[in-house]
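Copied over from Swiss-Prot, here are the features:
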{"type": "ACT_SITE", "residues": "Asp314", "note": "active site, proton acceptor"}
{"type": "BINDING", "residues": "Lys23, Gly97, Arg125, Gln172, Arg346, Arg388, Lys413", "note": "phosphoenolpyruvate binding site"}
{"type": "BINDING", "residues": "Lys23, Ser24, Arg28, Ser170, Ser171, Gln172, Ser198, Asp314, Asn338, Lys342", "note": "3-phosphoshikimate binding site"}
Amino acid sequence: MQESLTLQPIKLINGTLNLPGSKSVSNRALLLAALSEGKTRLTNLLDSDDVRHMLTALAALGVEYHLSSDRTVCEITGLGGAFTASQPLELFLGNAGTAMRPLAAALCLTDGDIVLTGEPRMKERPIGHLVDALRQGGAKIDYLEQENYPPLRLHGGFQGGEISVDGSVSSQFLTALLMTAPLAAQDTQISIQGDLVSKPYIDITLHMMKAFGIEVRNENYQRFFVAGRQQYRSPGDYLVEGDASSASYFLAAAAIKGGVVRVTGVGRNSVQGDIRFADVLERMGAIVRWGEDYIECERGELHAIDMDMNHIPDAAMTIATAALFAQGGTTTLRNIYNWRVKETDRLAAMAIELRKVGAEVEEGNDYIRITPPAKLKAAEIGTYNDHRMAMCFSLVALSDTPVTILDPKCTAKTFPDYFEQLARLSELA
């Protein structure tokens, strides 16, 4: 019997939430700190499955670190250069793309015999574009099961040089190459083929590399130049921003049934592109206020929108369920093909589950159209082992209809106490 959680109708949502650390920033920071010269103290680190997988892998690679009892402060002693692996290793990375992709690249700097594997879903998430790019730079990589997918066997060999990478599926491939290139023997020039998706995530990478002492020349997101034979330097203390994707559920909830909700840990100067989610809520009719380290949202009458969501693919999922509460017809979210290669095929999953609560849905190859029903229906929502599906569909409870979330613990990937925090800010009908 699958575990489930039934959320009763919520009449008001109000209060302040201190956001858990960003998954994207946490795993990048751990890797950069491990490769750096010196000790780094990371604060507000996310405690979640994906981060635990990265920490376990780093420990297996000989990185020494100390975690606080609540696992949000981590002191890491950097290696001062690339990993070394004296004996064969197998690293299990769960379903953590933010560990699999960057480690696949970084471990190509070391001669060894390292296998990267993960959960069944990880073996369905494409990595061929990254492998092709690494091979152009001299890396020796074998597919152990299916061509273009993990598990991978790495034998080092990456030297840098001229590389082209397809940018149309995942920005994590480019992030992985950028973070590895400074430690290569040669300078690296990376040319992007196709349209680069999720550009703001590349900005996070570049911003963080700079914090760890490395400059990258970015030519309009078409070409990137990175000098080789460099060294990352620890910034000493590094504060991990709150997770802007996690903020989206609470900001949307306030837009639908506020009160006022304030999320702290992100603000107008955040490095994360997903803060732009608040602009989308504002376009729909919510009232949004920005501070240095907070975003606040207040209820407004929400209207349907038609928008390109390529810049905020993760947070855009929250708009899909917020659309159930929009007046004036059909909401269209465009240019979201990369939903299909995430924790699950999110486009297909979203369409199936939105129909269960009564919405009329058109699912395109790279878009979704959502027309809300006059009244939402109570339903059991499948979550596909995808943390964002569980959190998105919790918003259905902001109607006068309860909703049942199957496998609610899947939020542990990024937000283990999500449902407790939602309950804390909620007043039930």
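Every residue gets a Cβ built from N, Cα and C, even glycine.
Annotated features taken from Swiss-Prot, shown on the structure.
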{"residue": "Lys23", "record": "phosphoenolpyruvate binding site", "CB count, 10 Å": "26"}
{"residue": "Arg28", "record": "3-phosphoshikimate binding site", "CB count, 10 Å": "24"}
{"residue": "Gly97", "record": "phosphoenolpyruvate binding site", "CB count, 10 Å": "23"}
{"residue": "Arg125", "record": "phosphoenolpyruvate binding site", "CB count, 10 Å": "21"}
{"residue": "Ser171", "record": "3-phosphoshikimate binding site", "CB count, 10 Å": "25"}
{"residue": "Gln172", "record": "phosphoenolpyruvate binding site", "CB count, 10 Å": "25"}
{"residue": "Ser198", "record": "3-phosphoshikimate binding site", "CB count, 10 Å": "24"}
{"residue": "Asp314", "record": "active site, proton acceptor", "CB count, 10 Å": "26"}
{"residue": "Asn338", "record": "3-phosphoshikimate binding site", "CB count, 10 Å": "19"}
{"residue": "Arg388", "record": "phosphoenolpyruvate binding site", "CB count, 10 Å": "29"}
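Of all the binding-site residues listed here (Ser171, Ser198, Asn338), Asn338 has the Cα closest to the Cα of Arg125 (phosphoenolpyruvate binding site). In this structure, the CA atom of Arg346 (phosphoenolpyruvate binding site) is 10 Å away from the CA atom of the residue listed as 'active site, proton acceptor'. Residues Lys23, Ser24, Arg28, Ser170, Ser171, Gln172, Ser198, Asp314, Asn338, Lys342 are the ones the record ties to 3-phosphoshikimate, and the longest Cα gap between any two of them is 21 Å.
Taking the Cβ of Lys413 (phosphoenolpyruvate binding site) as reference, residues of its chain lying under 8 Å away and at least six apart in sequence are, in sequence order, Lys23, Ser48, Asp49, Asp50, Asn95, Ala96, Glu343, His387. For Arg388 (phosphoenolpyruvate binding site), the nearest neighbour among the recorded positions Arg28, Ser171, Ser198, Asp314, Asn338, judged by Cα separation, is Asp314. Taken residue by residue with DSSP, Arg125 (phosphoenolpyruvate binding site) is part of neither helix nor strand, so it is coil.
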